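Quick notes on the structure that follows.
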Amino acid sequence: MPIRSPLTAEQRTAAETMATRTFIVAAPGSGKTTVAAERFGVIRYDSTLDARRILALSFTRSARGELAARIRRRWGSRALSWPQQALTIDTLHCEILMFLLRRRVISWMGGHTELTVLDTWRGQQGARLMSQGMGYRRIAVLCETSVYSGSLKVTRADYHIGTKGDFEKHLAAGRCTHAEVRQVIAAVLDRAELRAEVANYLTSTTKAIIVDEVFDANELDLELVRLAASAGVNTTLIGDPWQALYDFRGARPELVPQLVENEGFESFPVTTSFRFKTSGMVETAEKARAGQSIMLDATSDPTECDVVLSHKWDNLWTGPACVLPLSFGRLDNQTDAAIALLLDRLIQGHFGHSAIYADEAAAILGLDFDVLRSNGAVMGSILEVLRPATPQAATAAITALRAILRVLGSPSRLRRLPKAGEAVQQARLLAIARRMGESHLVPGMTVHQSKGREWPVVGVRLGKAELARLAAGLEEHRFDDRVLYVALTRAERKVVLC
Ligand SMILES: Nc1ncnc2c1ncn2[C@@H]1O[C@H](COP(=O)(O)OP(=O)(O)OP(=O)(O)O)[C@@H](O)[C@H]1O
């Protein structure tokens, strides 16, 4: 077994407690993920003979990946061998739903017991971008013990299915998204007899759950945690209320203290931060948490930064040309996807890893990402077309891009977009071209993407309103302030304005 890392007394107490309901609250860089990984092994390798799994849970794929990597690094690769698992909570929802279907506790349209669960309806038959006030979207409802289709007013812009026929065709084919899974699980947890089935499933399969970043949990996630804890599953919750960022997933950080109190969790604060290596950073992080005014210095040389962060992707693209953002953001059409793949080629060349959403872009275009990668020279040749950074070069590049994707096997025919759409794509290509002339590029990403990570020097691109919030003093209950807080606390040595 690998040698144990030197944990502080606080960290060790939290990781090794015999308590069965454990709540670990910790500041940035104080070792939340370190303690989560440690506790996983402490419970996994304790002396009790128990064949049930230890389940490490987080809320996004990247956070799950980071937690799994830390567990393996600390305890060796066998630490996560079957039945032990590190999952996103959405995957746990799917697992529970399919258990209920297989056991015929509830039934799905068409009698399916295995489902294809998509991230989004986007690209599926009948799906369109619907925003608030655009009528009703279809949802999954549970009547008695059968899943049917129902409807609900659109309250948040997203790709939804509005017509009953299209929606039911998907359900009858055993196809849904995580949203429908959550709708059904929420209905299941509302019914005592079905809730008891879930409790039985959890206690028979799972000895302990360790939930990292618990302040990103939504109401349903917390209800599942409550059920697991009250059913006797050893439950550890770890997080920092200042770092709750998943509002779009319905995160309800304010409900966590209530759950902790009502269910009798024992609290273990972990206070020493190992991230901050300079007195300046210690002071900045302390002031931010205390709601005191913060003034950041602007850098005259952004290449001194190891990363540049911003709330929104657009804000990174309008910044210095030496900052290469890892994405343009959400992919709304096939041309967006094509340009994301071109950006991926540039990012691969510079940083040796993928652009964010590159695999999603390949999927939208019906391309095999690995085949695309092995044809990297083709994308490289389009970047060369773009290099002069003129409008003519951008037009030539986009024309070549559309033609080449067909050659690479994309079944999609990338049509010209309406004039305004084409102008956006031209501007994006020119923004890529401008970066190609830079000798030193710094990666740019959103604060959401930076969560859980750290760099020596962090640049932040802030607007007037954000600077005003920093000057006024941050408040934990304000979502935008928490985004700023996470951005500031990614730096080990220095955080500067870019
Ligand atoms: N006891 C320790 N001794 C030395 N270094 C430590 C110790 N505990 C954690 N670290 C280091 O501190 C850094 C932050 O740890 P970790 O990522 O676990 O913190 P975190 O609280 O999860 O961070 P975040 O607030 O970003 O989510 C890592 O580089 C980790 O290796």
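Backbone N, Cα and C atoms are what each Cβ position is placed from, and that goes for glycine too.
Per TrEMBL, the features are as follows:
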type	residues	note
BINDING	Ala26, Ala27, Pro28, Gly29, Ser30, Gly31, Lys32, Thr33	ATP binding site
DOMAIN	5-277	domain 'UvrD-like helicase ATP-binding'
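When secondary structure is read from DSSP and collapsed to three states, Ser30 (ATP binding site) falls in the coil class. Within 8 Å of the centroid of the Cβ atoms of Ala26, Ala27, Pro28, Gly29, Ser30, Gly31, Lys32, Thr33, where the record puts ATP, the same chain has further Cβ atoms from Thr34, Asp240, Val270, Ser273, Phe274, Arg275. Around the Cβ of Ser30 (ATP binding site), 21 further Cβ atoms fall within 10 Å across all displayed protein chains.
In the predicted structure, the domain 'UvrD-like helicase ATP-binding' (5-277) carries a mean pLDDT of 94.
Spatially close to Gly31 (ATP binding site) yet at least six residues away along the chain are Leu7, Thr8, Gln11, Val270, Phe274, judged by Cβ distances under 8 angstroms. Shown in sequence order, Ile24, Ala26, Asp212, Glu213, Ile238, Gly239, Asp240, Val270 are the residues of the chain, 6+ apart in sequence, with a C-beta less than 8 angstroms from the C-beta of Lys32 (ATP binding site).
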